[in-house]
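Okay, so here's the structure we're looking at.
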Ligand code: RTP
Ligand code: MG
């Protein structure tokens with residue numbers, strides 16, 4: 001079934017001029033870019049997006065990190081794109097993410113409280129629809 005997923009190019013990736021290289025990985029895999037926006041998100045937007053993590057130790061560092069500069073929000077479409085995009089991204093921790101994945105190729109541990117891992121991708125159909133409504137209201 002054709003799905004949509006929300007991809008965020010996080011502030012660390014935008015700062016390092018990796019936006020094009022990251023979006024290209026989803027495009028060259030064959031997924032269709034259907035929405036794209038560059039922005040500096042409000043705290044309200046970030047709190048809505050990360051509501052499931054409220055109260056966790058990394059929550060405040062995460063919101064601070066995500067507010068630290070511009071991000072790029074994108075919607076990609078295709079068959080099983082949610083799972084496919086997460087495969088392309090690799091595991092959350094860039095130190096153990098395999099080479100060939102975005103996080104494995106471009107990421108590392110910078111010794112900070114939050115994992116600066118370059119990219120976000122929705123983890124289910126329900127999350128994707130919820131997140132797309134937040135970022136592309
Ligand atoms: P995402 O939601 O961004 O696609 O990443 P994910 O599913 O792989 O990771 P998740 O568990 O949903 O966590 C959201 C983001 O919070 C930061 N994080 N830092 N212990 C830590 O330092 C830690 N744990 C999570 C990461 O930026 C992660 O992507
Ligand atoms: Mg997640």
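Going from the start of the chain as shown, residues are counted 1 onward.
Cβ coordinates are placed from backbone N, Cα and C, and glycine is handled just like the others.
Annotation comment: TrEMBL describes 120 as active site, pros-phosphohistidine intermediate. Taking all protein chains in view, 22 other C-beta atoms sit within 10 angstroms of the C-beta of residue 120 (active site, pros-phosphohistidine intermediate).
Sequence-distant contacts (6 or more apart, same chain, Cβ under 8 Å) of residue 103 (ATP binding site) comprise 89, 90, 91, 92, 93, 94, 97, 117, 118, 119. Residue 103 (ATP binding site) carries a helical DSSP state (H, G or I). Per TrEMBL, the feature ATP binding site maps to 10, 58, 86, 103, 117.
Across the domain 'Nucleoside diphosphate kinase-like' (2-137), DSSP classifies residues as 59 helix, 30 strand, 47 coil. Look at TrEMBL and you will find 2-137 tagged as domain 'Nucleoside diphosphate kinase-like'.
Neighbour count (other Cβ atoms within 10 Å of the Cβ, all protein chains): 13 for residue 58 (ATP binding site). Cβ neighbours within 10 Å of residue 86 (ATP binding site), excluding its own Cβ and spanning all shown chains: 18. Note on the domain 'Nucleoside diphosphate kinase-like' (2-137): mean pLDDT across this stretch is 98. The separation of residue 120 (active site, pros-phosphohistidine intermediate) from residue 86 (ATP binding site), Cα to Cα, is 9 Å. Proximity to ligand 1 at the level of Cβ atoms, with a cut-off under 6 angstroms, picks out 58, 117 from the binding-site residues 58, 86, 117.
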